[in-house]
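Notes follow once the structure below has been shown.
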Amino acid sequence: MQTERSLQSFSNRYTQIPFVYDVKRSVYNEENFQQEHRKKGPTSGNVDIDITTFKHHVQCGCSWHKFLRCMLTVFPFLEWICLYRFKDWLLGDLLAGLSVGLVQVPQGLILSLLTRQLIPPLNVTYAAFCSSVIYVIFGSCHQMSIGPFFLVSALMINVLKDRPFNNGHLILGTFVKDDFSVPTFYLSYNRSLSMVASTTFLTGIIQLSMGMLGMGFMATYLPEAATSAYLAAVALHIILAQMTCILGIMVSFHAGPISFIYNIINYCIALPKANSTSILLFITSVVALRINKCIRITFNRYPIEFPMELLLILGFSLLTSKITMATENSKMLMNMIPYSFVFPENPEFGILSRVVLQALSLSFVSSFLLISLGKKIANFHNYRTNSNQDLIAIGLCNLLSSFFKCCVFTGSLSRTTIQDKSGGRQQFASLVGAGVMLLLMVKMESFFHNLPNAVLAGIILSNVVPYLEAIYNLPSLWRQDQYECIIWMVTFSSAILLGLDVGLLISLAFTFFVITIRSHRTKILVLGQIPNTNIYRNVNDYREVILIPGVKIFQCCSSITFVNVYHLKQKVLKEVNMVKLPLKEEEIYTLFHESETSIAENKLCRCFCDCEELEPEIRVVYTERYENRQEQDSSINLIRCSYLGSGDSSQVTSEEQIPYTVSSTSQRNIVQSYEDTEKAWLPNSPPRNSPLPPPEASESLAQSRSRSIIMPYSDTSVQNNTHTIILDFSMVHYVDNRALVILRQMCNAFYNANILVLISGCHTSVVKSFEKNDFFDEGITKAQLFLSLHDAVLFALSRKFSEPSDLSMDETETVIQETYSESDKNGNLSNLRLKTGKAIIEGSQHASPGFTKNLKPGKDDLEFDLELDPMLSFEQSSGMDLNLDLDLDLDQSELDPGSELDSEIQAKPELELESELETDAQTEPETEEEPELEPEPEPEPETEPEPEPERERKTRTRSQSPWRNYFTAYRFGSSNSQSRAPPQTRPEKRKPHNYPNSP
């Protein structure tokens with residue numbers, strides 16, 4: 001009660017206090033972050049030096065700490081023997097060792113009865129003692145009891161059928177004593193022992209090799225459900241095998257597929273011959289052990305069960321030595337064994353090739369049984385086991401037992417449970433049990449010959465029944481995880497019906513299949529933003545989540561491989577309303593066989609080929625386009641998006657629109673391809689000496705210009721409102737080669753469709769795989785990789801609001817305001833208009849220092865101004881209120897780069913310039929009050945200078961126009977970038993531009 005109160009007060013104390021963090025930093029992409037922060041290389045300790053020589057590698061790779069860790073890994077007993085607590089653990093280990101030793105003696109005696117192989121009992125004893133010592137030194141489980149396990153040894157029946165030493169009567173359950181008088185009996189018996197020894201030797205070699213090669217990781221792929229199901233199936237096999245001792249009858253023993261059903265049928269047939277005394281002794285033992293569970297002994301705060309197994313074995317052994325009972329015991333079986341001890345010999349290596357399959361199945365079954373049992377015990381006591389070390393330990397145990405002509409050893413399910421519940425805490429209990437077993441078998445073997453087999457069967461069944469409790473937990477497991485429940489049922493049914501070896505293989509294969517399905521059936525979530533936070537969640541989970549206009553965020557919840565990358569592709573295309581359409585035949589023909597007449601008619605589709613270099617390959621075979629595209633210009637869109645998408649012209653166009661993502665490769669070719677781009681994409685503008693069109697013509701000219709040039713986020717563009725796609729790779733730790741190819745194709749397809757793809761939260765290993773596989777190109781650069789999802793969203797919003805859009809400034813403030821915290825609203829929103837006007841300039845400075853230097857903005861700026869002047873004058877005369885609030889505190893020189901580049905204005909004195917500007921300001925309102933815009937007279941030839949007042953009035957009008965900043969920033973970047981740049985980066989003085997086709 002006091003603990004609950006303290007927890008409640010703790011929770012109340014910290015839930016009432018809101019924790020707020022406020023972080024101000026730059027938006028980082030992967031390229032900028034790597035430039036500002038140096039990666040840590042291989043160093044020696046805390047010294048920041050590069051390890052370049054072999055001596056440095058040896059010095060840094062070898063240390064006293066690493067040596068100790070290696071020794072503790074190879075010899076785990078050094079860890080617990082140095083920390084052993086004698087006062088707390090000694091009594092429990094002694095009692096557990098005595099109980100296990102006394103149980104192991106009769107189990108060794110009746111081993112021949114269950115495995116149907118007459119193995120000398122002293123050979124089993126010596127091999128079990130040596131194996132226990134080896135596992136204490138090399139094993140990692142503290143409560144494991146190593147020794148013979150009859151279910152594993154029973155798998156050798158298929159081997160013994162090839163060389164039966166008593167005509168197979170022992171396997172069939174009929175003991176004919178006359179067989180032992182045959183002269184060839186001893187020869188056949190020695191051959192069968194050699195077969196067992198060779199199989200055990202090869203099993204040990206396989207297990208030792210698996211441990212050396214680190215194959216223990218395979219056990220980690222088996223979930224807890226598969227381990228629980230396999231142990232439950234083993235427990236059920238044990239119960240069925242003990243029916244021989246419980247009923248006191250002998251039946252023919254089967255091993256292999258469907259053997260479980262065959263054995264049940266045989267027991268049902270022999271049930272009328274059951275021994276009632278054996279059944280009564282079995283019930284007595286089970287009741288006594290059940291009562292013992294209610295008796296608890298505590299020693300130094302550690303619970304210890306009363307050693308009832310020790311009392312039952314000693315009591316019934318003493319009772320049967322005084323009173324004759326009509327029940328089955330091991331005395332008859334011991335009399336049938338011709339030798340009590342066989343000296344160690346080398347296995348017969350000539351028959352190893354004949355037992356490879358049997359050795360493989362035995363090695364897998366014994367290894368998995370040991371590892372799964374050790375993991376279950378270790379989880380109960382809150383420590384970890386080393387699967388590779390256990391494989392090495394059990395391999396050494398089987399190698400040693402093969403020289404004693406003994407069967408395969410593994411962890412015993414019943415003895416391990418007895419050692420655990422009797423109070424054993426460390427492997428010292430296993431040493432005590434092995435010593436007790438050796439002492440009793442050497443000195444008092446005959447004392448246990450009269451122990452009833454039913455009593456031993458009751459002890460074994462009482463300790464393995466708890467493993468069947470997993471069957472009762474199936475409904476709850478189904479509610480928790482259906483995949484785990486299916487794995488449990490498949491493992492259990494296959495191990496029961498097909499045997500432990502085949503069932504294990506089926507369980508492994510099915511578990512791998514389920515894990516593969518679950519890992520590759522990845523979830524692609526569409527994320528939205530929690531308002532006023534940098535938290536992004538699934539749009540279907542929370543009501544408060546809002547979608548960011550124009551930005552689609554997709555989160556990949558697992559690794560991306562060749563299996564699920566197509567699912568990701570279809571999901572993204574579906575959410576963005578795009579479909580994959582093959583090129584039509586006429587479009588392909590137009591693309592590659594366009595005639596010169598068609599080029600002359602439509603100069604917007606003119607493609608220039610450099611014959612000195614090879615034509616770049618078409619990167620996107622199938623063009624990603626919108627289903628509701630305009631039919632009249634589909635060929636133009638195909639040429640732009642599919643053919644010129646990998647060329648220089650489209651490359652420069654996209655870089656003008658997205659200055660943040662300028663790659664290093666494109667910077668080298670941007671100056672060379674600028675003239676070609678100008679010819680290929682600029683519309684047919686009127687010459688300078690032609691009269692300006694009226695307002696209606698200006699509007700149609702602007703519309704045709706917007707249709708001819710791919711203007712982002714416009715209604716006439718062949719795309720919807722989505723301008724940025726963000727892929728959240730924070731949960732992705734691996735991308736294979738095929739997935740990289742598909743991702744690159746996706747990025748190029750969206751790049752050609754004028755949609756920017758950003759990737760956020762990439763792990764370092766994923767970035768390295770991108771770099772190794774040449775993932776980055778024109779469609780996706782390293783500058784498009786952001787450290788966090790919020791960085792990518794901020795970049796997408798700044799890119800959106802720095803260009804003309806359909807949103808008003810109020811809507812822009814509302815959208816951007818949601819990305820700031822409450823504490824930043826007052827400070828940041830006041831400068832929102834200033835920041836939106838300079839976003840591209842700042843982005844170009846971050847993306848590439850030479851971006852403003854490489855662009856050539858001064859070549860056709862005056863021409864663009866002449867086209868824009870009629871529209872601006874018409875808007876001013878009609879009283880249109882744009883309400884863009886772009887009256888910034890900037891100089892006129894910063895707003896109008898054209899005035900700076902005019903040599904005649906710059907040559908005038910300042911006083912004369914100011915007086916002329918004041919005169920123009922007084923005459924300007926008269927111009928604005930005119931109801932209609934009259935056509936201006938035809939300008940004079942370029943050689944004659946224009947009158948100064950008229951030119952200054954045009955310059956002033958352009959500087960005061962709000963759209964001037966937008967279109968200048970969109971096409972060439974704002975003039976602030978030129979004013980801030982060093983003197984050598986300022987563009988040259990602009991000259992009049994003559995079109996080649998002007999009249």
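Here the Cβ of each residue, glycine as well, is placed from N, Cα and C on the backbone.
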Name the residue among ASN123, ASN190 that Swiss-Prot annotates as N-linked glycosylation site.
ASN190
Given 71-91, 428-448, which one carries Swiss-Prot's transmembrane segment label?
428-448
Does Swiss-Prot give CYS62 and LEU451 the same topological domain, putting them on the same side of the membrane?
yes
Choose the correct range: of 201-221, 600-620, 789-809, which one does Swiss-Prot annotate as transmembrane segment? Give that range.
201-221
What parts of the chain pack near the topological domain 'Extracellular' (327-354), using Cβ distances under 8 Å and only residues at least 6 beyond its ends?
106, 109-110, 112-113, 118-123, 162, 175, 177, 180, 185-186, 189, 193-195, 197-198, 200-202, 245, 248, 275, 277-278, 281, 320, 402-405, 448-454
So, by DSSP, how many helix, strand and coil residues make up the topological domain 'Extracellular' (412-427)?
9 helix, 0 strand, 7 coil
Please list the DSSP helix, strand and coil residue counts for the topological domain 'Cytoplasmic' (222-230).
7 helix, 0 strand, 2 coil
Using DSSP, how many residues in the topological domain 'Extracellular' (252-268) fall into helix, strand and coil?
10 helix, 0 strand, 7 coil
